[in-house]
Amino acid sequence: MNATPLFYIIIAIIVIDFIVDKILDALNAKHYNDPIPEKLTDVYDQVEYQKSQDYKTTNYKFGLITSTFSLVLTLVFLGLDGFEFVDTIARSYSDHPIIIALIFFGIIMLGSDLINTPFSYYQTFVIEERFGFNKTTKATFIMDKFKGLLMMALIGGGLLALIVWFYDVTGTHFWLYAWALVAVFSIFTNMFYARLIVPIFNKQTPLEAGDLRDKISAYANSVGFNLDKIFIIDGSKRSTKANAYFSGFGSEKRVTLYDTLVNDLEDEEIVAVLAHEVGHYKKKHIIFNLIASLLLTGLTLFILSIFISNPLLSNALGVDIPSFHVGLIAFGLLYSPISELTGFVMNHFSRKFEYQADDYAKNTYKSEPLVSSLKKLSKNSLSNLTPHPAYVWVHYSHPTLLERVRNLRKN
Ligand SMILES: [Zn+2]
């Protein structure tokens with residue numbers, strides 16, 4: 001290999017990112033055994049608390065092993081000019097840039113998926129199983145993998161092919177066309193996510209008439225929110241962990257409740273969770289996130305267009321023939337500190353929005369049922385009640401349970 005300065009910069013970025021991540025993990029792990037804040041002492045009893053400590057420690061150790069393994073593998077792959085090897089294979093099948101890019105990414109994606117599968121298998125069938133969360137059967141696990149790969153091939157492959165084609169036809173202006181494509185695609189998936197993507201993996205049924213539906217309708221009417229689409233999803237097919245989310249907009253807007261959530265919570269608590277979700281919609285968080293991510297994508301594509309035709313990018317990965325697809329990988333690695341930074345800023349906004357949605361639920365419904373639902377959900381997923389502030393700052397998209405309870409109970 002003939003290493004260029006850019007190669008060493010890429011290695012440095014990967015290693016520094018790993019070290020920073022491990023420091024944050026270690027800081028967080030040091031606080032696993034902190035005394036539980038007084039406001040939260042009713043979340044766990046002694047046995048459950050011990051179980052949650054074990055769960056956190058097990059996941060911490062497992063994360064340390066997998067991330068170290070993946071770091072070593074990445075460094076070895078880069079050191080041995082792995083990308084040049086894969087590029088040569090792809091070029092042996094075709095000389096069309098789109099076909100080469102598809103084969104190249106196909107091999108990389110399939111390879112990394114094959115390597116990751118034993119780890120996710122262990123996570124699901126050993127760790128989650130041991131703590132009583134896992135409901136996934138082996139058949140579901142295999143089908144999920146298969147469907148995931150197929151979707152990646154069709155959607156990811158389709159988008160990639162179009163973007164490489166834009167680059168071939170329009171040169172550096174490709175970024176504008178790519179941006180328009182990504183924008184149309186993400187608005188479309190946002191809108192029809194529940195109709196098109198969810199049914200591939202789950203069964204959804206409309207919430208049937210009855211007490212719960214009446215209570216939800218009464219709340220929705222009281223805030224002038226037209227909510228006729230409420231669905232129950234069979235989350236229990238995979239895990240006992242519960243969730244609820246909002247998707248779509250306009251006539252496609254709907255709320256989806258996990259069946260596990262409906263089982264774990266009282267009606268009032270479910271309405272409170274729903275009020276929180278309605279808050280996200282009313283406070284325009286969904287539109288904000290969509291626009292912010294479109295602007296970030298545009299910016300990233302624009303910066304990409306400045307550098308992509310520079311052969312230094314491909315050469316940095318030890319690939320002799322410069323190409324769009326190899327340049328894309330090198331750019332992705334070089335850009336990762338910036339995307340970490342934007343992710344960090346987005347997390348900051350997300351935590352702000354969570355408070356606003358909680359406030360909305362408090363002001364238009366009640367705060368206590370939301371407090372008790374958050375506590376139940378934390379208990380049932382064995383959440384960490386004492387995360388380190390630095391870890392929260394970087395990684396958390398939601399405020400901690402303690403912060404949310406404090407906010408909900410303040411006058
Ligand atoms: Zn929320």
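Just so it is clear, glycine is given a Cβ too, placed from its N, Cα and C backbone atoms.
Annotated transmembrane segment per TrEMBL: 6-24 (among others), in sequence order. A Cβ distance under 8 Å defines the sequence-distant neighbours of the transmembrane segment (6-24), meaning residues of its chain 6+ beyond its ends; these are 64, 67, 71, 74-75, 78, 312-313, 315-318, 330, 333-334, 336-337, 340, 388, 390-391, 394-395.
According to TrEMBL, the feature domain 'CAAX prenyl protease 1 N-terminal' maps to 29-203.
Look at TrEMBL and you will find 60-78 (among others) tagged as transmembrane segment. Tertiary proximity for the transmembrane segment (60-78) is limited to same-chain residues at least six positions away from its ends with a CB under 8 Å from its CB atoms, namely 7, 10-11, 14-15, 18, 21-22, 25, 28-29, 32, 115, 119, 122-123, 127, 317-318.
Tertiary neighbourhood of the transmembrane segment (98-115): same-chain residues 73, 86-87, 89-91, 145, 149, 152-153, 156-157, 160-161, 164-165, 168, 323-326, 329, selected by CB-CB distance under 8 Å and a gap of 6+ residues from either end. Here TrEMBL flags 98-115 (among others) as transmembrane segment.
Taken from TrEMBL, the feature transmembrane segment covers 148-167 (among others).
Residues or ranges marked as transmembrane segment in TrEMBL: 173-193 (among others).
The domain 'Peptidase M48' (206-410) scores a mean pLDDT of 94 in the predicted structure. The domain 'Peptidase M48' annotation in TrEMBL covers 206-410.
Among the features that TrEMBL reports, Zn(2+) binding site is placed at His276, His280, Glu354. The Cβ of Glu354 (Zn(2+) binding site) lies under 8 Å from the Cβ of Ser397, His398, Pro399, Arg404, each of these being in the same chain and 6 or more residues away along the sequence.
Applying an 8 A CB threshold to same-chain residues 6+ apart, the list for Glu277 (active site) reads Ala244, Tyr245, Phe246, Val255, Ala357. What TrEMBL records for Glu277 is active site.
Cβ atoms under 8 Å from those of the transmembrane segment (286-308) belong to residues 167, 172-175, 178-179, 182-183, 186-187, 190, 246, 249, 280, 324, 327-328, 331, 335, 339, 342, 346, 349, 353 of the same chain, restricted to positions at least 6 beyond its ends. Among the features that TrEMBL reports, transmembrane segment is placed at 286-308 (among others).
When Cβ-Cβ distances below 8 Å are used as the criterion, the transmembrane segment (328-346) is approached by residues 6, 9-10, 13-14, 17, 83, 108, 289, 292, 296, 300, 303-304, 307-308, 313-314, 316-317, 393-394 of the same chain, each at least six residues removed from its ends. Annotation source TrEMBL lists transmembrane segment at 328-346 (among others).
The active site, proton donor annotation in TrEMBL covers Asp358. All protein chains included, Asp358 (active site, proton donor) registers 25 other Cβ atoms within 10 Å of its own Cβ. DSSP classifies Asp358 (active site, proton donor) as helix under the three-state reduction.
The record gives His276, His280, Glu354 for Zn(2+). Within 8 Å of the mean position of their Cβ atoms, the other Cβ atoms in that chain belong to Glu277, Gly279, His285, Phe353, Gln356, Ala357, Asp358, Tyr360, Ala361. For the binding-site residues shown (His276, His280), fewest C-beta neighbours within 10 angstroms: His280. Ligand 1 lies within reach of Glu354 from the recorded positions Glu277, Glu354, Asp358, judged by a C-beta closer than 6 angstroms to any of its atoms.
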